[in-house]
Amino acid sequence: MTELPDNTRWQLWIVAFGFFMQSLDTTIVNTALPSMAKSLGESPLHMHMVVVSYVLTVAVMLPASGWLADKIGVRNIFFAAIVLFTLGSLFCALSGTLNQLVLARVLQGVGGAMMVPVGRLTVMKIVPRAQYMAAMTFVTLPGQIGPLLGPALGGVLVEYASWHWIFLINIPVGIVGAMATFMLMPNYIIETRRFDLPGFLLLAIGMAVLTLALDGSKSMGISPWTLAGLAAGGAAAILLYLFHAKKNSGALFSLRLFRTPTFSLGLLGSFAGRIGSGMLPFMTPVFLQIGLGFSPFHAGLMMIPMVLGSMGMKRIVVQIVNRFGYRRVLVATTLGLALVSLLFMSVALLGWYYLLPLVLLLQGMVNSARFSSMNTLTLKDLPDTLASSGNSLLSMIMQLSMSIGVTIAGMLLGMFGQQHIGIDSSATHHVFMYTWLCMAVIIALPAIIFARVPNDTQQNMVISRRKRSL
């Protein structure tokens with residue numbers, strides 16, 4: 001890093017800043033949801049749409065971000081990403097209704113979807129290959145700090161100011177970041193293949209409509225027949241994409257990806273696995289505040305051990321997988337995460353609050369080992385010619401499954417809690433207990449998929465992707 005020119009180091013700082021903004025926003029909002037609900041006159045049971053709208057938008061827009069950067073230029077797209085994210089933050093702070101807030105989060109999600117992948121692409125273009133790993137480590141470090149600061153910072157802002165400030169703080173830093181991007185970042189443009197617009201639209205419609213159908217009856221009052229029509233339309237869009245990809249060699253995601261067994265199995269497991277684990281960051285701060293009566297700041301502090309556990313486990317997960325293999329690690333961590341989530345609920349309802357940080361630390365460790373293993377299992381055997389496409393599809397599936405997870409969590413809360421629940425009451429405890437029991441079952445189910453992973457304790461066990469050919 002020290003051998004790089006000053007202008008390149010400044011460009012890396014800009015990318016790191018973008019990573020920090022995006023990662024901070026993924027965790028800072030969850031702590032503020034109960035306060036948002038009170039301010040907007042909504043039930044806390046409906047506030048999951050604030051999270052779903054952002055994550056689903058990121059999932060939909062991810063496939064287009066790399067192509068746009070190549071076609072229009074990395075500086076132009078990164079600048080646009082920061083501007084859209086900042087404008088979305090402003091509109092979030094100005095929102096007076098839940099629907100306005102959801103629409104503003106969609107705009108924020110468009111910017112967030114482009115920020116991280118375009119940032120990675122920028123590093124690839126400005127840094128010599130020999131220093132790429134060091135540069136990526138540098139720019140992703142702020143992205144790891146964001147989730148650590150987010151819950152506590154969100155709690156402080158909500159408790160001592162108002163929830164609007166979790167969005168307003170993005171505005172000055174966004175302005176500085178946009179100006180620095182425009183002045184300092186080069187605008188690399190390369191020849192690229194034609195964008196698969198029909199495939200992109202089919203996938204986008206399918207993902208959005210299916211998620212809406214899953215949640216529409218509770219939060220939007222859509223009739224069952226309309227929901228059935230939406231579900232059928234979403235499924236039809238996905239099936240049409242598969243037909244399109246089979247006939248079109250330039251499809252957004254080639255079906256040749258699924259000729260690699262570990263990719264197919266890993267992608268299915270990642271999708272199912274992240275539905276369950278995607279519920280936890282949303283449900284935990286909501287339960288601590290609504291179910292147990294914690295203050296926003298206290299609830300935010302309680303999330304820090306989970307992030308620390310996740311960061312610490314990343315240092316040893318390679319050795320664990322090398323020792324036990326993917327199948328054993330994935331099955332054990334999947335079942336372990338379900339048990340730890342039940343342990344968290346039990347400890348909380350028994351009033352043993354002093355044990356909650358330890359349980360959340362353990363939850364973060366187990367979840368991190370599971371995430372790392374799922375990601376590398378999915379990509380490790382792909383041919384080099386399909387590696388980039390496979391990684392993009394995995395990133396999209398990760399965001400989609402997390403949005404579905406939050407949607408299901410909100411749906412479960414609504415089903416058990418009907419319309420309104422009080423803070424720290426016996427009835428509220430029962431609502432969260434039933435919801436958590438269902439969540440534990442959903443978290444555990446992907447173990448059935450991971451049990452089909454080949455026994456790899458003697459081969460293909462290192463978390464790295466070797467060179468492959470078609």
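Note that Cβ sites are derived from N, Cα and C of the backbone, with glycine treated the same way.
According to Swiss-Prot, I316 and H430 sit on the same side of the membrane.
With pairs at least 6 apart in sequence, the transmembrane segment (342-362) and the transmembrane segment (396-416) have fewer than 3 Cβ pairs within the 8 Å limit; the two do not touch.
Helix, strand and coil counts from DSSP across the topological domain 'Cytoplasmic' (159-164) read 2 helix, 0 strand, 4 coil. Beyond its flanks by at least six residues, the transmembrane segment (12-32) meets 4, 50-51, 54, 78, 81-82, 85, 108, 112, 115-116, 119, 122-123, 126-127, 135, 138-147, 149-151, 153-155, 157-158, 163, 166, 170, 173-174, 177, 180-181, 184-185, 281-282, 284-286, 289, 296, 299-300, 303, 307 of its own chain at Cβ-Cβ distances under 8 Å. The transmembrane segment (286-306) is not in contact with the transmembrane segment (102-124), judged by fewer than 3 CB-CB distances under 8 Å for residue pairs 6 or more apart in sequence. Taken residue by residue, the topological domain 'Cytoplasmic' (98-101) breaks down under DSSP into 4 helix, 0 strand, 0 coil.
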